[in-house]
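Per Swiss-Prot, these features apply:
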type: BINDING; residues: Ile37, Val38, His39, Ile40, Gly41, Val42, Gly43, Gly44, Phe45, His46, Arg47, Ala48; note: NAD(+) binding site
Amino acid sequence: MAPLKLNSRNLSQIFAAGKSLVKVPTYQRNGAVKEGIVHIGVGGFHRAHLAVYVDRLMQEQGVTDYAICGVGLQPFDSTMRDALASQDNLYTVIERSAKGSFAHVIGSINSYLFAPDDREAVIAKMANPDTRIVSLTITESGYYYNENTHELQKEHPDIQFDLNPVNENKPRTTFGFLYAALERRHRLGLKPFTVMSCDNMQKNGSITRHMLESFARQRNPKVAEWIAEEGAFPNAMVDRITPQTSATDKTALAENFGIEDSWPVVTEPFMQWVIEDKFSDGRPPFEKIGVQVVKDVHAVEQFEKHKLRLLNGSHSAIGYPGQLAGFNYVHEVMEHPLFSKFVWQMMQQEVKPLLPEIPGVNIDDYCNTLIERFTNPTIMDQLPRICLNASGKIPQFIMPSIAEAIWVTAPFRRLCFVAAAWFCYIKGIDDSGKAFEVVDPMLNELQAKARAGGTNPSELLSIKNLFGDDLRTDPRFLKEVTKAMEDITRDGILKTLPKYID
C-alpha cells in the first residue's frame with residue numbers, strides 16, 4: 001500500500017493503517033479552538049517538546065483555548081511555512097529507542113504566520129486578546145545577550161534598527177515584535193501576555209525579561225514600567241534530544257508507518273519540562289500532562305544547572321572533540337572506549353561535585369540516564385547539530401563549571417580540554433586534514449581570532465561578550481587550555497585523550 005499524504009482528510013486512514021504504532025489527534029482544530037499560544041521559532045525542538053505537551057492538553061484534557069499559532073521571523077522559515085501549509089499544519093513525531101519506534105501525528109499547531117510576508121499580521125496576532133502566551137525558541141543568539149556585561153547588545157545593527165521608532169511596524173528581531181505587540185496591548189488596556197522562553201539557557205525567563213525591559217526603556221519608559229510591573233517571564237528547564245531530520249527518516253516513516261510527511265521530527269522517548277508558575281494572563285493545566293510546574297524559581301535554576309552542565313556540557317565534550325576526530329554521530333563517539341570513559345569521568349569528577357543537591361533527584365541515576373540517551377543508536381544524532389552555534393553554548397555549558405572549579409580549587413582539566421577542542425574546532429579542519437562547515441553567528445570573528453592565536457587561546461579569550469575577565473586572566477586556566485590546544489594540534493584528539501583519563 002502506498003503511503004498516505006499527511007493531511008486532515010487522511011487522518012482516519014493513517015490511524016487505521018498504522019494500527020497501534022500510530023497516534024493521531026481526534027480533537028477539533030482550526031476554527032473550533034482559540035490560539036492562546038503564539039510561538040516564535042518553529043523548529044525541530046519546539047515540535048518535539050512544547051507542541052507535544054500542548055497536543056496532550058488538547059487530546060487528553062480537552063483544552064480548546066491554547067492551540068498554537070507558529071511564527072517564523074527569518075527568511076529561511078519559509079521552508080517550515082511551506083511544509084506545514086501542505087499538510088494542514090500537521091506533522092509527525094517519530095519516537096525511537098532500542099525497544100522500537102512509534103509515530104505520533106501532532107495537531108496542536110493550528111496556523112502559521114511568516115513574518116517577512118506580513119509583519120503586521122504577526123504583531124496583530126500577539127496583540128489579540130486571545131493570545132495569552134508568546135513562547136520562544138530563538139536560540140541563544142536571538143536574545144542579543146552580552147555574556148560578559150549581562151546587558152542587551154544595543155549596538156547590534158538589528159537592535160538599532162528596531163529601536164528606531166520609524167521601524168516600529170516592521171521589526172526584525174523578536175524583541176522588536178514583542179515590544180510592538182505589548183505596546184499595542186498597553187494602549188488597549190489589555191493584560192500583557194506571558195513571554196515564555198523555551199530555549200536551552202540558564203535563567204532563560206530572567207534573561208528574556210531583562211532584555212525586553214532594556215529594549216522597551218529605549219522606546220517608551222511607561223511601557224517598560226508596565227511590562228516590569230505586570231509582565232511575566234517564567235524560568236524553565238527544557239529537555240529532549242531532537243536531531244535534524246534526514247531524507248532517510250522521511251523514507252522510513254513512509255515505509256514503516258505509511259505516512260508521507262514533508263518534514264517529520266525524530267526524537268527520543270525522554271522528555272522533561274520544569275517551569276516556574278509565573279504567568280500574567282492565565283495558563284493551561286500543564287501539570288496534568290507531565291510538566292513539573294514549580295512555585296520557586298530557585299528549584300528551576302537547580303534543575304537548569306544540572307541539565308546544562310551535565311547533559312549539554314557532555315554534549316560539548318562529545319561534539320567538538322568528536323568531530324575533530326572524524327566521527328559523525330553522538331552514539332558513534334560514545335561507542336569509543338576513550339570517549340565514553342572521558343565523558344563519564346568529566347561528569348563524575350569535575351561537574352557533579354559542583355552541583356547542588358535537589359530533593360528527590362539522584363545525580364548518579366541522572367548521569368546513567370544521560371549515558372543511556374547518548375548511546376541510543378536509533379535517533380542518529382548528528383555531531384554538526386550538537387556543535388551548532390557554539391558561541392552561545394560553550395559560555396553556558398562549560399565555562400561556568402571551569403570558573404567555579406577555579407574558585408573552589410577543584411579539578412577542571414577535562415573541562416579545559418573541551419574548551420581547547422572547541423577553540424581548535426573553530427578552524428574547521430579535522431585531525432585528518434578534512435575541512436568541515438562551522439556554523440556560528442560569530443563565525444568571522446571567531447575564525448579570525450583562532451587563526452591569529454594559533455595554539456594560544458588569548459586571542460579567542462579576548463572576545464569580551466563571551467568570556468569574563470576572571471577566566472581570561474587566570475594562569476591555571478590559560479596553562480591548561482594552551483597545553484591541550486598544543487597537544488590536540490600536534491597529536492590529534494584520540495592520541496591526546498588518554499592524558500585526561502584515569
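Cβ from N, Cα, C; glycine included.
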Could you tell me which of these binding-site residues, His39, Arg47, has the greatest number of Cβ atoms within 10 Å of its own Cβ?
Arg47
Taking 10 A as the limit, how many CB atoms besides its own sit near the CB of Ile37 (NAD(+) binding site)?
28
Most Cβ neighbours within 10 Å: which of the binding-site residues Gly41, Gly43 is it?
Gly41
Mapped onto three states, the DSSP assignment of Arg47 (NAD(+) binding site) reads helix
